[in-house]
Amino acid sequence: MKILLSLLGSSLFPSASICNVLVQEQVVINNQTYRWTEKAASTVKFDQSRLIPNIDYSNKTAFIDNYDIWDSWALLDNNGQVATINGYQIWFALSKPSDGTGHTKIMYFYSKTGSDWIPGGYALSQNLIEGTEEWSGSALFDEKTKQVNLFYTVSNHTYGKNWNQRIALAKMDLNFDQDIPKFNTPVFHKIIAQPDGDLYQTHQAAEAQGYAKQKWAFRDPFYFRDPKTNQEYMLFEGNTGLLTGKEGERLPEYTGGFEDYPENYDFERSNMANSAIGIAKLNLQEGKVEFLNPLWASNLVSDETERPSLIYNAKYDRYYMFTTTHGYYNMNLAPGLDKNDSLHGFTAKESIFGEMKPINDDGLILYSHPENETINGEVVWNKNYAYAWGVMYDNLDSDYLLTLAFSNFSSNGENELQRIRGAAPSLLLKIKDDKITIEDELLPAQVMRR
């Protein structure tokens with residue numbers, strides 16, 4: 001399966017004084033947003049073939065002692081493949097002390113084998129803005145500049161029910177001290193995107209609704225270079241804005257003509273659901289973005305669609321977009337849709353902005369076992385639960401993709417479980433035109449200590 005198979009089979013900041021926000025132009029190039037309608041969502045079928053396998057913990061140790069590790073991503077090159085620098089592959093993940101103290105920060109790990117990983121510490125030594133946390137993103141090794149470009153989310157709680165979120169870019173050199181990869185202080189580190197209000201809802205506008213179950217996001221940046229045009233883009237999770245899907249509207253383009261609502265359907269909550277996968281043109285050299293209309297939106301259907309990713313397959317001349325979602329942020333339009341945490345995918349032919357359709361006809365790629373289970377009358381974490389799937393190439397010439405995800409437990413090396421989050425087994429996915437199926441399961445990596 002080439003080098004990426006083994007990699008995915010496993011699985012600091014300058015002062016705030018440079019934190020000036022770059023202005024984004026409201027440029028609308030794509031004139032259509034794909035709508036995941038109520039009718040389309042009602043067709044999702046959570047059949048057994050798409051349920052992830054049970055997790056084998058015999059080879060799944062914690063990635064770093066006393067730390068939870070969850071959302072993760074590999075350092076990729078300009079073509080979307082895993083980058084190899086001086087023989088090393090680099091892997092990033094969100095981390096936090098497992099006792100619940102401290103703030104979420106991005107750690108990095110490195111490996112020469114793709115299966116044995118060594119913790120490298122924090123990717124960024126100082127916060128861009130004091131008092132903030134570092135949330136999910138993506139990372140690019142630019143062959144032109146030889147720099148690592150870390151796209152990530154800057155988040156902090158200012159007021160309301162949701163954390164304020166902005167997208168940052170840190171450009172860093174990677175040096176090797178006694179053959180150990182170390183990140184230098186960023187030469188560029190700024191907020192490059194925050195919602196404009198018209199295309200993407202602002203934190204202020206969301207909180208002003210005063211809705212008790214309000215959900216809002218502007219996070220999870222994903223770098224993508226279109227191999228057909230060489231145009232660079234940034235995808236992200238957001239919410240539709242005043243001009244692209246104002247909350248409270250029930251429009252035909254959102255319902256798709258659906259009328260078969262269950263008796264307990266929460267129309268108020270549905271009306272407030274407006275999660276979207278945003279897209280912006282990216283000028284990497286200058287660190288600037290130009291917002292486009294949302295690539296995809298789920299008004300009335302879902303209020304959280306996380307960790308977007310985009311893959312191009314030349315054999316089928318198709319673009320494949322993926323997003324992961326918690327069931328409890330979805331409406332009960334299909335059995336299990338509001339219960340199961342799942343990975344969904346949509347595909348467009350010939351162009352990123354071509355007419356999209358759901359992969360596998362209903363958009364479902366895979367789903368997890370429940371996060372909790374009841375044992376002897378006690379509700380406990382389910383050891384077979386996994387979430388936050390990121391999707392990546394096996395290699396450019398392959399019809400296979402791989403996932404990165406996390407599980408709620410790790411092994412202490414002696415087949416005894418410890419409640420420390422770590423990498424879940426990666427899954428091998430097979431592409432066949434507009435269909436994607438689970439092909440195989442790969443054990444997570446071993447973690448080495450220096």
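Placement of Cβ uses the backbone N, Cα and C atoms for every residue, glycine included.
TrEMBL annotations: computationally assigned, not manually curated.
These numbers come from a predicted model, not from an experiment.
Annotated substrate binding in TrEMBL involves SER136, ARG219, ASP220, GLU304, THR305, GLU306 plus, out of the candidates TRP70, TRP91, the residue TRP70. A simple Cβ count within 10 Å picks out one of the recorded positions ASP71, ASP220, GLU304, GLU306 as the most packed, and that one is ASP220. Geometry remark: GLU306 (substrate binding site) versus ASP71 (active site, nucleophile), CA distance 10 Å.
Long-range C-beta contacts of ARG219 (substrate binding site), restricted to its own chain and to partners at least six residues apart, with a cutoff below 8 Å, comprise TRP135, SER136, THR153, SER155, GLN165, ILE167, PHE236, GLU237, GLU306. Residue annotation for substrate gives TRP70, SER136, ARG219, ASP220, GLU304, THR305, GLU306. The furthest Cα pair among them is separated by 17 Å.
With respect to their backbone Cα atoms, THR305 (substrate binding site) and ASP71 (active site, nucleophile) stand 14 Å from each other. DSSP gives GLU304 (substrate binding site) a coil state; it is part of no helix or strand. Here ASP220 (substrate binding site) is positioned 10 angstrom away from ASP71 (active site, nucleophile), judged by their C-alpha atoms.
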